[in-house]
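Take a look at the structure set out below.
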Amino acid sequence: MTPSISWGLLLLAGLCCLVPSFLAEDVQETDTSQKDQSPASHEIATNLGDFAISLYRELVHQSNTSNIFFSPVSIATAFAMLSLGSKGDTHTQILEGLQFNLTQTSEADIHKSFQHLLQTLNRPDSELQLSTGNGLFVNNDLKLVEKFLEEAKNHYQAEVFSVNFAESEEAKKVINDFVEKGTQGKIVEAVKKLDQDTVFALANYILFKGKWKKPFDPENTEEAEFHVDESTTVKVPMMTLSGMLDVHHCSTLSSWVLLMDYAGNATAVFLLPDDGKMQHLEQTLSKELISKFLLNRRRRLAQIHFPRLSISGEYNLKTLMSPLGITRIFNNGADLSGITEENAPLKLSQAVHKAVLTIDETGTEAAAVTVLLAVPYSMPPILRFDHPFLFIIFEEHTQSPLFVGKVVDPTH
C-alpha cells in the first residue's frame, strides 16, 4: 500500500431514545443541590449546549419543513474520541467544531470531561435507563497506535473488534450487531453499505428509556388534529395531562415552555411557539435561556394535550459538520496519523448519525394522584401541542443535552 492511497474510515453515531411514560407515583421537586457541578461537568455541559444549538440551526437551514431528531452527546463523543488520533489542523478543527476554546481548555481536560460524562450516563444505580457505548472496528491486518487504543478505552470506554473489511457483508454484520445489541433492537441496520476502502470504523450509540414522573393516563388519549402547516393537518392520538405542571410563557421566545421530569435524572424541555413564531423561536433560543428554565422551576395548575409520537433522524455528518468548520477530516488532507502505525493515510470516508424517538403513555395503568388545590385567581392555561414544536432532553447531573428535536409531523 503506497502512501498516495488513502484508506477509508467509517464514523457511525447511532442511538435510540425510547420514552414510555408510566410507573411513577408522584412528582418531586427538583433538588438542584444534588446536581454535579464539578468543573469537568460544567465544561462539557457548556460546550455541548453551544454545539447542540449550532447543529440544530444547521439542520433547520438544510430543511425547515421536516422532523429533526439527533443526539449532541452521541455525535460529540464520536468526534472527540476520533480527535485522540488526529493531528494538526484536523485535530484543531474537530475540537473547535465541538465548540471548545483551546486557549481556555486543555485537551486533557476535554477528554476528562467526556470520561466523566460517560461514567455519569452509564451509572448502573440510576432509575433512568440510560447507557452509551463506543465500538472500534479494526481491519484484522491493521495495527493501531497503542496510545490511541489506551486513551479510547480509558476516556471513552471503547470496545475493540477485529474484523475483515474485505468481507464487507461480514464486517457490516459485526458493526450492526454491536449497535443493535446496544440499542436493544431499536436500530437494526445502522450501516447499509461500506465503502470498499474502509479499514477502520468507529460506532457510538446511546440508549434512553425514561418513565415520566407524572404519567399520562391512556384512557384520556383521544384522536385529534395536528396542524403540520397552514394547509396540512394529520390525525394523531392526543394524550392529556392535568395538574400542577411546570409551564410558563416566555415572552423572549414568544413560546410556551413545558418541563417534564423523568424518574431518575432527566428532564425534557418542550417549546411550543405562538402562532407564526417558530422562526423567531429558532433564531432566539440560547443555552442561557434553557439554563434559566432548568434552574427556575415554577409549577402551576395547567392542562396539556400532547401527541403520541414516533420520529427518527438520519444524517450525513459530512454535510452537517462541514459548516461548523470540521472539513479536513473528510478529505485527503486529513491527518489521522495518531490512529494507525501504517504509512497509508487515513480519512473519514463515511460519517452517519441515526436517531429514533418514541413518546407515548405505555402501560395498562397510570398512577393515581389526588391533588387538593386552592382556587386560582386566573384560569389555568391549556396547552395544545397541536402544531410544530421543539424539545431538548437533559441529563440533570451534568446538565448535558442528550437529545434535541423538532416535531413537524408526529406521524412520520
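Positions of Cβ are set from backbone N, Cα and C atoms, glycine also.
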Query = In Swiss-Prot, which of 68-87, 368-387, 388-407 is tagged region 'RCL'?
reply = 368-387
Inquiry  = Can you give me the same-chain residues 6 or more apart in sequence from ASN101 (N-linked glycosylation site) with a CB-CB distance under 8 Å?
reply    = none
Task = Could you state the whole-number distance in Å separating the C-alpha atoms of ASN265 (N-linked glycosylation site) and ASN64 (N-linked glycosylation site)?
result = 31
Note = Within 10 Å, the Cβ with the most other Cβ atoms among the glycosylation sites ASN64, ASN265 is that of ASN265
Query = So what pLDDT does the region 'RCL' (368-387) average out to?
reply = 59
